[in-house]
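Q: Below you'll find the structure I mean.
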Amino acid sequence: MKRNGTRLNFAKANSTKSGSTRARDLMNKMSIIPEWHSLYSNTRKLPCSRPHSSPCKMQRTIFQDLCRPSSSTTAIANPVLSYLDIERILAQKISSRRDDIKKVFQILDRNHNQMVTKGDLKRVITAFLIPLTKDQFQDLLAQIPISSLGNVPYLEFLSRFGGGIDININGIKRVNENEVDNRRTVKEVQLTEKIFRNMRSIRKVFQVMDVNNTGLVQPQELRRVLETFCLRMQDGDYEKFLEQYNIDKTTAVDYNAFLKNLSVKNDASFKYLLSNAAELSRETQQGKNGKRLLDTGSSEDVWKNYSLDDLEKTFCQEFSKSYEKIEKALSAGDPSKGGYISLNYLKVVLDTFIYRLPRRIFIQLIRRFGLKTSTKINWKQFLTAIYERQKLEVSKTLPLKKRSSTEARNRSRKENIIKKLFKYSEDRYTALKKTLLIISSTPSGHITWEELRHILNCMVAKLNDSEFSELKQTFDPEGTGAVRVNSLLDVLDDSTKVRKMSPSTDTKTPLPVAWDSVEELVLDSITRNLQAFYSMLQSYDLRDTGTIGKNNFRKVMRVFCPYLSNEHLVRFSSKFQEAGSGRILYKKFLLSIGVGIPPPTPPLSSPKVQLSDQFQIEEPGQQDERTQPSGEKTSEINNMTKEEVIDGLKHRIQQKDPVFRKQFLSISKEPDVKINQEEFRKVLERSGMPMNDCQYAMLASKLGFKNEEGMSYQDFTMGFEDCMLSGLETVPLQSRTASRTNMDEHFISAEECLRIFPKKLKESFRDVYSAFFRIDLDRDGIISMHDFHRLLQYLQLNMVDLEFERFLSLLGLRLSVTLNFREFQNLCEKRPWKSDEAPQRLIRCKQKVADSELACEQAHQYLIMKAKTRWADLSKNFIETDNEGNGILRRRDIKNSLYGFDIPLTPREFEKLWQNYDTEGRGYITYQEFLHRLGIRYSPKVHRPYKEDYFNFLGHFTKPKQVQEEIQELQQISEREKLMNHYEEISKAFNAMEKSKPVALCRVQKVLQECGCPLKEEELISLLKSLDVSVHNNHIDPVEFLRALEISWASKARPKEKEESSPPPISFSKVTPDEVIKTMQEVVESSQPALVEAFSALDKEDTGFVKAMEFGDVLRSVCQKLTDNQYHYFLRRLRLHLTPNIHWKYFLENFSTFQDETADDWAENMPKAPPPMSPKETAHRDIVARVQKAVASHYHTIVQEFENFDTLKSNTVSRDEFRSICTRHIQILTDEQFDRLWSELPVNAKGRLKYQDFLSKLSIERVPSPPMAAGDSGESTMAQRGSSAPEFSQGTRSNLYSPPRDSRVGLKSRSHPCTPVGTPPLQNCEPIESRLRKQIQGCWRELLRECKEKDTDKQGTISAAEFLALVEKFKLDISREESQQLIVKYDLKNNGKFAYCDFIQSCVLLLKAKETSLMRRMRIQNADKMKEAGMETPSFYSALLRIQPKIVHCWRPMRRSFKTYDKNGTGLLSVADFRKVLRQYSINLSEEEFFHVLEYYDKSLSSKISYNDFLRAFLQ
């Protein structure tokens, strides 16, 4: 003891001590400390200013610290810890202190029902295990079943979290009963000793029981604690114990004073125990290899006197002692068998079994082992790195002895020999030293002279006989035939003449080393360390390809053959380099040098055993055996007998060893494929069980293995288990007829397979994709049920064919079904389908199936399965119906369904599939025909066309009760329509009744049923309520009921009368040229008001003239299907085909009187040209043109100028401020010119310019088109012209700002369609909504409630006046003009109603675009994927970027709305319908931005928009 303490003090004082001495002192210090820590694990960190002179004194200090009250140190929970970290910590700590914690729970379990309260559980966890936050504790409670009273079963808690690392804590040696003080009984001594052992636990139990922190416990509770943790005592013994420590059993006990008094009274015995513990530790330290070492704390002050080299050596030495436990613990932390664990888990394991290192030093050590600390740790690579480091960095230092004069002379002589030895080459010194270090790590530490000469000839130079004899005489004067390697290393280290050798003046060149000698030396080095060499190569080849990188190959060769020069390495690399990739074929390299591929290392083998196996160097007396070839010797050592192999196989089969199974299946590929005897022998060799021919023949005979029949893995496991049960009698495995019960044990039922399949899949594969990739052998992205069956066999889920079919039926599958990856993933994970995911066809194209017939059959079977099980999903693309309302299917419907379920077909394959359905070639099929082809019976209630649920879109704001009410209302509407269809029968039946008396509901129900309207009682009551018919005591007034029916009938019949009264539209498609003029006169006469309005909109100056092209556009808008030939014929007849400008007023007034006989006179009387303008008018128009051109070319600059002047943010500027802007950007205007320009601008009541209106009117010109002629289909062909720089011609308007009228009209020959009459323009209200968002988010519930109260019809709309009243009531910060913009935007049905649901949704839901990097911004659909793409402008891009979140949020219902308007299924919409859908979903687009969108998606001016191209731009 004294010697150890002196050594520790000396290590502290002498900072210049060598690294090896420090390491030994550290080992001595660490070997003493754990003996006391085994008594008190997890103690607090103790300050250590200097090493203690004796462990007794140090441990007494620790004990005194433990006996102090711990209230001063409050445990703080770590909120960063995840649930997995907490579970791991609990598993570790509970496994080490299970008994103590169980005893604590038993004390707290006063009712003895194995239950504790949640508060008791949390206090026990905080005191004994780890402090938790409230959320962490709630997460932990969620994993435990809780009783109805809220109590927790603590046994369930211990069972659930009691796994993990098995930490065995050894206590100190018990006191011999003969050495007990005579004044105390044996019971008292035993009780005292047990209190010492459980001091910390007992203190924590007292604190747990002391809920109020008073420091007191009741005497009966004190006895319960002592009897639970220590031993049971009789009443007499317990009373003596209380007298010994002055405890009154009638009052509360101060447990802190009790523990302190206990420590003082037993101080002498305590010292004795500590001295015994220290002596035991010092005496048994060298003999115990597997003992764990724990330091006194994690403070870096304890470690600062030790270098990293010393810590690394000591760490490696202690690591080998607990290798098996560490490997088991690391394997337990890798449940997925992926080979990776977290850095924190690795530190917990190493702290448990080796040292509790500070984190900074731990990370430095990990980096020295070649591992990255920023990612997860490959624990197998970590074990290999430590094993290699331990093998190569064995401690070389030996204790120095006093040299005699003879020894000095011998050393001088040896140094002279070494100097002569290295006279040829100095750079060989380091390589020779590394080689000798490897040899010195062997158990014997000797090398024969023949081996040494061989090494010197290869590495240094070829020695002649005289030089070698001199070397041999110097180091081996006794002639033993071998030399100690350490003696050579000693001379190499201490010879300053060798280490500081001056440059040689000898001109003699070094002797070259022969290549044959180098190959022999490499072969010898690799043979000695074959397993380690091959393991290190495999660590760089995780996929077992047989190749590694050139740099990695050099690293491995440098480790095991450090004497190789760069030339040698280049020669080796080039000789075995793969041509294509440049990688090294290391297996070919091993075979070429005659080594061969070694069998894999058996699992859980200790590095110490591996070291002894790899460095088999015998004692000097065994020189004859050393001269034998290394290959024969290795085979003799490694070959196993028949009994050993049978034991090994038995162990592997019982443990279901995955390594052995993988080796077997690597040859057989499948569990049911048979292999022959030679292949089975390879399996044994790869599994670390090599055998010679004789032993293997005996094993095959014992197992009954027949080469002609072969054996599969299933046969082997089943038969080998039978052999184990019967004592391995000689019965052939394949011919064994097992009993029925034994066979049933290996086959499971379909229900059991369904239950354990997800768990097995998770254990065997890293993820679902790995399993899919494993069974998809042809890599076509589709697996069959045969592939699925192979997967079950791979997971050892064996079923008979009948059960497998039942298993598929439970999953909703059949034998003929195929699955793609997404379906397989949903099958395995049961994850919900994301509604906002884009269809797979819009993301990427799938691989095509090569076989056309197989592809069609697979698609057909897939449609059968979906039609049976998921018709609702399949029918999402089936929306078309015929005139009678029956559902029909076209090519695109089935194609979209297949693509939606990721079943892609080539056009040829799909055409073949469609021909099987549409046998008559009509282009469509009915639902009945489609289901008949699928072999499914048609049901009208089930197989209906898909209908979109309107309320799903507003579900964010709609409560479930409200949804139910609205659905009931829709049902009532359909029931009311049924009543209207049978109005006459119902009216006759009720008129026949006696109207003076009320009618019972049951009679009303019966009458309606007789009239063809069967209704349930609940449906009838709700229908009467919707008709405002009162019900009293289940009776109604028949007169009131008839009056309500009459009102509904009249309102329904009125629209039909209007439709019947409207004349059919006139079509010019079948009009002959001779009838064109007459037909045109009829159309012009009937469409006179619309033509006047359209021409007036074009003739801003009221000159009566329009351009000939504009004149033709207007006529085409009212004349359906008017061809160009008919129009040109019409102009020639009117003598107007050469006229650039046409007087439209004259045409409308006199066209009805036109005749061919007076055509010349009629044309001559028409005015020819507009009147000339005055010079002032011309100058003014030029100024207006300059203003518009300046705004178009410097838009952002002018906007910035306006905003700079608008300091009050009122969107207005003064007259002088606007004039300064005109002077700067346009031209200097005279007072007269500016006054005239100012008079045409939008000015408010205060005389300030509203610059927002000014800019919008200049940047875009909107024109309301004339009303359609009677009978028009509603598809507007009118167009809107707008751009950033409008063109000006002779007919430029005189007024810059004219609110009631817009700029001009054009048709598809010049511009895009415009807003039809009655359709409000698009509005961009995003700035208004952004400003209102904060205000409405605080009161949107009250606002929604008010709107619902005003919405009596529950249509989701209120009147504009009611909305303005709510704006005033909630004091929303918007002006009158902004309110009008909102009303226009949210008037979705053009009926003057405000859609409050859409408004609130836009203001409450803050939709943001997905945050992506600059390299992955939103891309617009490529032009090559579209037929024609227009110009890409900044305004176009800014508009798309702004509306992207809204489109992504509602693109699915929007697409279905597009399809509803696209009745012909062409994928194209008219501009009017496209605008309607955008308004329906409240898309924030101004008219200018809408024009840019049209300009891009309708470059050809066809007035048709591809809505798929539009949506695809947002979904990429």
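In case you wondered, yes, glycine gets a Cβ from its N, Cα and C as well.
As annotated by Swiss-Prot, Ca(2+) 3 binding site applies to ASP776, ASP778, ASP780, ASP787, with the evidence given as sequence analysis. As annotated by Swiss-Prot, Ca(2+) 4 binding site applies to ASP1462, ASN1464, THR1466, ASP1473. The compositional bias 'Polar residues' annotation in Swiss-Prot covers 12-21, 628-638, 1274-1297. Sequence annotations record features per position, and here Swiss-Prot assigns domain 'EF-hand 1' to 96-131. Feature annotation from Swiss-Prot assigns domain 'EF-hand 2' to 197-232; the stated evidence is sequence analysis. Feature annotation from Swiss-Prot assigns domain 'EF-hand 3' to 321-356. What Swiss-Prot lists as domain 'EF-hand 4' is 444-462. Annotation source Swiss-Prot lists domain 'EF-hand 5' at 528-563. The domain 'EF-hand 7' feature in Swiss-Prot is assigned to 763-798. Sequence annotations record features per position, and here Swiss-Prot assigns domain 'EF-hand 8' to 905-940. Swiss-Prot lists 1086-1121 with the feature domain 'EF-hand 9'. Among the features that Swiss-Prot reports, domain 'EF-hand 10' is placed at 1193-1228, with the record citing sequence analysis. Annotation comment: Swiss-Prot describes 1229-1264 as domain 'EF-hand 11'. What Swiss-Prot records for 1348-1373 is domain 'EF-hand 12'. The annotation domain 'EF-hand 13' is assigned in Swiss-Prot to 1374-1409 on the grounds of sequence analysis. Per Swiss-Prot, the feature phosphothreonine maps to THR906, THR1315, THR1319. The feature phosphoserine is assigned by Swiss-Prot to SER1265, SER1311, with a large-scale study or a structure entry given as support. Look at Swiss-Prot and you will find 1318-1516 tagged as region 'Interaction with PARK7'.
Surface or core, plus neighbours and distances: that's what I need for these features.
A: Following the DSSP three-state reduction, the secondary structure of ASP776 (Ca(2+) 3 binding site) is coil. Cβ contacts within 10 Å of ASP776 (Ca(2+) 3 binding site), excluding its own Cβ and spanning all protein chains shown: 18.
Secondary structure from DSSP puts THR1466 (Ca(2+) 4 binding site) in coil. Around the Cβ of THR1466 (Ca(2+) 4 binding site), 10 further Cβ atoms fall within 10 Å across all displayed protein chains.
Across the domain 'EF-hand 1' (96-131), mean pLDDT in this model comes to 85.
Taking DSSP states H, G and I as helix and E and B as strand, the domain 'EF-hand 3' (321-356) has 22 helix, 2 strand, 12 coil.
Cβ atoms under 8 Å from those of the domain 'EF-hand 7' (763-798) belong to residues 335-338, 656, 665, 670-672, 714, 746-748, 753, 756-757, 804, 808, 813-821, 824-825, 828-829, 846-847, 849-850, 858 of the same chain, restricted to positions at least 6 beyond its ends.
Residue counts for the domain 'EF-hand 9' (1086-1121) under DSSP, helix first, then strand, then coil, are 23 helix, 4 strand, 9 coil.
Sequence-distant contacts of the domain 'EF-hand 10' (1193-1228) (same chain, at least 6 residues past either end, Cβ-Cβ under 8 Å): 1183, 1186-1187, 1234, 1237-1238, 1241, 1244, 1246-1252, 1255, 1259, 1284-1285.
For the domain 'EF-hand 12' (1348-1373), same-chain residues at least 6 beyond its ends with a Cβ under 8 Å from one of its own Cβ atoms are 954, 965-966, 969, 1331-1332, 1335-1336, 1339, 1342, 1379, 1382-1383, 1387, 1389, 1391-1397.
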Q: Please report the distance from the Cα of ASP1473 (Ca(2+) 4 binding site) to the Cα of ASP776 (Ca(2+) 3 binding site), rounded to the nearest angstrom.
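A: One finds 47 Å between the Cα atoms of these residues.
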Q: Using an 8 Å cut-off from the Cβ centroid of ASP776, ASP778, ASP780, ASP787, can you name the remaining same-chain residues around the Ca(2+) 3 site, in sequence order?
A: ILE775, LEU777, ARG779, GLY781, ILE782, ILE783, SER784
Q: What other residues of the same chain, not counting ASP1462, ASN1464, THR1466, ASP1473, have a CB atom within 8 A of the CB centroid of the Ca(2+) 4 site?
A: TYR1461, LYS1463, GLY1465, GLY1467, LEU1468, LEU1469, SER1470
Q: Judged by the number of other CB atoms within 10 angstroms, which among ASP778, ASP787, ASP1462, ASP1473 is the least packed of the binding-site residues?
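A: Fewest other Cβ atoms within 10 Å, among the binding-site residues ASP778, ASP787, ASP1462, ASP1473, is found for ASP778.
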Q: I'm trying to understand the geometry here, so how far is the Cα atom of THR906 (phosphothreonine) from the Cα atom of ASP780 (Ca(2+) 3 binding site), in Å to the nearest whole number?
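A: Between the Cα atoms of THR906 (phosphothreonine) and ASP780 (Ca(2+) 3 binding site), the distance comes to 14 Å.
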Q: Which one, from the recorded positions THR906, ASN1464, has the smallest tally of other C-beta atoms lying within 10 Å of its C-beta?
A: ASN1464
Q: When the Cα-Cα distance from THR1466 (Ca(2+) 4 binding site) is computed for each of the binding-site residues ASP776, ASP778, ASP780, ASP787, which gives the smallest value?
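A: For THR1466 (Ca(2+) 4 binding site), the closest Cα among ASP776, ASP778, ASP780, ASP787 is found at ASP780.
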Q: Where ASP778 (Ca(2+) 3 binding site) and ASN1464 (Ca(2+) 4 binding site) are concerned, what is their Cα separation in Å, rounded?
A: 41
Q: Look up THR906 (phosphothreonine) in the DSSP assignment and report helix, strand or coil.
A: coil
Q: So of all those binding-site residues, ASP776, ASP780, ASP787, which one's Cα sits nearest to ASP1462 (Ca(2+) 4 binding site)?
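A: Closest candidate to ASP1462 (Ca(2+) 4 binding site), judged by Cα separation, is ASP780.
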Q: Measuring Cα to Cα, how many angstrom lie between ASN1464 (Ca(2+) 4 binding site) and ASP776 (Ca(2+) 3 binding site)?
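A: Cα of ASN1464 (Ca(2+) 4 binding site) to Cα of ASP776 (Ca(2+) 3 binding site) measures 41 Å after rounding.
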Q: Taking the Cβ of ASP780 (Ca(2+) 3 binding site) as the centre, count every other Cβ atom within 10 Å, in any protein chain shown.
A: 17
